[in-house]
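Here's the structure, in structure tokens; my notes come after.
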Amino acid sequence: MQVSRAAGPPFAGPPGSGPAPSSAIRAPQGPPPGARPFPGSPPPPSQPSPPFARPGAPLQQQSPPQFGGPPPAMASQPQRPGFGGLPSGPPPQVQRAPFGGPPSGVSPQAPPFGGPPAAVASRSAPLSGPPAAASYQPAPPAAVPQRSPFGGPPAAASAQPPPIGGGPFTAAQAPPFGGPPGSVPQTAPTGGLRPFGGPSAPSQQVQFGAPPPFGGPSAVQPGAQPPPFGASQSQAPPFMGPAGGNVPPSFAPPMWQGQGAVPGGMQPSMRMPVMPGGMPPNALGQGMSHASTPTMPYSPHAQVSTPSKIDPNQIPRPVQETSVIIFETRQGGQAAIPPAASSEFIVKDTGNCNPRLMRCTMNQIPCTGDLLTTSGMPLALLVQPFALPHPSEEPIQLVDFGEMGPIRCSRCKAYINPFMKFIDQGKHFICNLCGFSNDTPREYFCHLGPDGRRRDADERPELCRGSVEFVATKEFLVRDPMPAVYFFLIDVSMNAVNTGATAAACSAISQALSDLPEGPRTMVGIGTFDSAIHFYSLRRAQQQPLMLIVPDIQDVYTPLQTDLILPISECHENLEQLLESIPVMFENNRIADSAFGAAMKASFLAMKSTGGKLLVFQSVLPSVGIGSLSAREAEGRSNTSTGDKEAHKLLQPVDKTLKTMAQEFAEYQVCVDVFLSTQSYVDIASISVVPNTTGGRVYYYYPFSALSDPAKLYNDLRWNISRPQGFEAVMRVRCSQGLQVQDYFGNFCKRVPTDIDLPVIDSDKAIMVTFKHDDKLQENSECAFQCALLYTTVFGQRRIRVINLSLSCTNMLSSLFRYADLETQFTYVVKQAANGIPSLPLSQVRDQVTSTCINILQSYRKYCASVSSSGQLILPEALKLLPLYTLALTKSVGLRNDGRLDDRSYWVSIVSSVSVLLAIPLVFPRMIALHDLTSRDDDDSLVPSPLTLNSENIHDDGIYLLENGEDGFIYVGNSVNPLTLEQIFGVSSLAGLPNQLVLEPFDNELSRKVNEVVNEIRRQRCSYLRLRLCKKGDPSGDFFRSLLVEDKAPGGLSYVEFLVHVHRQIQSKMT
Ligand SMILES: [Zn+2]
């Protein structure tokens, strides 16, 4: 290893300000690369797309056309007369847009994530199947080990190409997982499909303490199929009602039904999806919930809800449908109500977008701000532009308008979509967002048919699909699309090395290199740091990597411009060699300080000309150099004695240094992910600002275990770089006149009010957009939302993904409740709470959360329920789980009093970008029994029905898994059968259980099933759960019990008590 100590910037120009060459290049355009062109404001014509000459030889060697190889057909497609029909034989320009399409060799159904595509594809069908699907596909036990593409037992893993590098962790412990749902091709389950979007029962009030609300929820609409979808938490059936015996569900048992609770909770007819506005006859017969004529499930037996009268078995709990739902996004000219985010569904885009990509807190939009305020409900969209599709869904289609570019409204710049109305024989079209009448470009003209639609409407994706992608024209480029750049930065300070964190990082990177996008545009670089920064030149001509040290950590610079980041094809071997030697090189490092901020800044300077992903592996509190931090935790402890009045300030970044740095990173399209493998406080509140501002995230391994955590670290990294994602993105949401965007929430940088900048946007990230009224919307009209995301694929194509949602407007409060989307609304509440944590005392945040719930329910009680029900707690059917989720939120890691500062900051940081799908389990975890997996016969799904989250379900002879999408806590009772311990853990007594759990596959049925369940959950959550052991009788066991949301806890009420509390609050507000 050659080491050269650079004394100062090796080239002209002040350190830190960027090398002269590259700044000169950028000089002509003020705006940084990628900052500009955004939908909405095409760059002034006077600003020609600048030739973005790249500094440095390696970059110049890349000729744009060679990018990872999108079908060349695309660029050359002239304007297409007919976009070829849709599903049948995707035309060349129809391709899997999101991730720029895998390299041609890869099956279009197998996006490049997770496992080696080929291996996964070959056996994926049975296993990637949703639980429900599985139940319709008899899977012989023998096939089981093959089911899970990841984390499977060794046999299964060995069948796949071993992960590169064959790290010590992957084989024996937790094998790599093949990636989340949707990652693998899957045949649509044929047997279990249920149509979705059909009519449904009207909104229902749910009451407790009263007998069955209505006579026969079993009255299924004629023609309607049985419970199409399920049981979403939002649309779940009334928990009471006719005995289940009368109306047995005609399908597999619900996944989410708590055991021992709610007999007969399943009411097929109640799970009907609803069509707004157009009510099916029967539904009307059941009484639509108008404000004036509420459907009171009144019964003479209605009782006042007092604590003594509440039957804990009769209160609302989630019930999960196990059937797969087919959901058409529009039916009969109207928006259909999407299935619950947590249910399994296959979407047919018939005009509105796939709800995975964008869904609203309410499926009908209030005409006025007053009505919205009265409802107490939020109006917001949750947008997840790269959400993984179901494998059976048609990919988003790509449309190339050639040089003309996508058709847009000339006033508001909205993109052409199915709701723009063509008039005057097709010569003009009215914008559905601003109402402006545009001339139809001559090249785009088409005659109208007898139905008033363009004759070509069904052949053009942009006129019949809710989601579509456009090839970006030059006006959207300020430079050539950036290459895919990955820079790895590793903490090699004393503690990082001693705890094994450095070795784990090196091993993970080494193994993950093969998962980087293929092609000449994939580039890598690497650095290490302690109290100084070390860069490495990986030129293959050199025998050994050359180390270059940057000692100045206040005013940093990069030592070289050209050799620090190279195409991976030119340095793969050198890089692997280096990764192997780093832990040895720093084995005896005695430097305890860590210059985290300076190292990031220096790496940024190396990446500044291209942008890219900066992946930082940090292990200790950053103690020196720019952006250094102090151990505020100790300060926090002393503060708690004075009450928690000021404690929240420790959850704010300590100063603006890192934020300012992060904004600069974002400006130059650098996204930072931070992997924290630590044993101590690292001030996540300050550190998380960097990933949260640049489109990245924090990963947290605390306390880091060199035994059990490397597998997770590797899988997290692998998923991070291989999941669908886009670079240098800019996003804007538009809406109909009458509404305006109020704010955006998520991991991005915002420099102008209307757009957000996302150096990277990936399939796991969601952005919340809130709205407010600035005028009235017309009843019976539709309110449109359009999200436009301009981005560069990992293969270097510039695209515009456009996502449309058009919803009915209403003046009726009852309709708002009826079409409320529980999961989306609750996700809003969770994000608002996370937002408030750093600025308010925790007790106030909890009060706000509870007030939100009470205000919504009170509005319903006051305006939509009948007077005679004053003694009952009346819950709108769609929101009946709101109290339970609200209670869970007040007890969550983020809001409970006893959490560590870093744990709370971590929670806040991940909530910032969490999707609807993962927000619910994060707060309301899933618990299942593991000890009896071999004897269960409730259904065929891999993961058994969850248990109600109360301690009545915990027995001393049982073993339970509770998971929230991040962690999996395995609780072991104190009188578990030794044989069971032996089968699952390979030990014969409680005393023999290791503290650091590595779940190994053993050769017995129970062990196989436990591993299957864990792997299936990891797949569902797109997350490699971190498993932790909790034993009865020690603090870990107590912690586990504190996660049982329904129990009374030191910091909170029991579920029954909370319902009583809510009821009393509503009553007192009513009088
Ligand atoms: Zn317009």
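Each Cβ is built from the backbone N, Cα and C atoms, and glycine gets one as well.
For reference, TrEMBL has these:
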- 1-10: compositional bias 'Low complexity' (COMPBIAS)
- 1-249: region 'Disordered' (REGION)
- 19-28: compositional bias 'Low complexity' (COMPBIAS)
- 29-53: compositional bias 'Pro residues' (COMPBIAS)
- 54-66: compositional bias 'Low complexity' (COMPBIAS)
- 116-137: compositional bias 'Low complexity' (COMPBIAS)
- 149-159: compositional bias 'Low complexity' (COMPBIAS)
- 406-444: domain 'Zinc finger Sec23/Sec24-type' (DOMAIN)
- 481-721: domain 'Sec23/Sec24 trunk' (DOMAIN)
- 726-810: domain 'Sec23/Sec24 beta-sandwich' (DOMAIN)
- 821-917: domain 'Sec23/Sec24 helical' (DOMAIN)
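Long-range neighbours of the domain 'Zinc finger Sec23/Sec24-type' (406-444) within the same chain, counting only residues 6 or more positions beyond its ends whose Cβ lies under 8 Å from a Cβ of the stretch, are 39-42, 79, 351, 399, 452-454, 457, 462-466, 468, 470, 473, 734-737, 782, 784, 786, 788, 800, 802, 804, 806. Per-residue pLDDT, averaged across the domain 'Zinc finger Sec23/Sec24-type' (406-444), gives 97.
Each residue of the domain 'Zinc finger Sec23/Sec24-type' (406-444) gets a DSSP state, and the totals for helix, strand and coil are 6 helix, 11 strand, 22 coil. Per DSSP, the domain 'Sec23/Sec24 beta-sandwich' (726-810) is made up of 0 helix, 57 strand, 28 coil. Counting residues per DSSP class in helix, strand and coil order gives 66 helix, 3 strand, 28 coil for the domain 'Sec23/Sec24 helical' (821-917).
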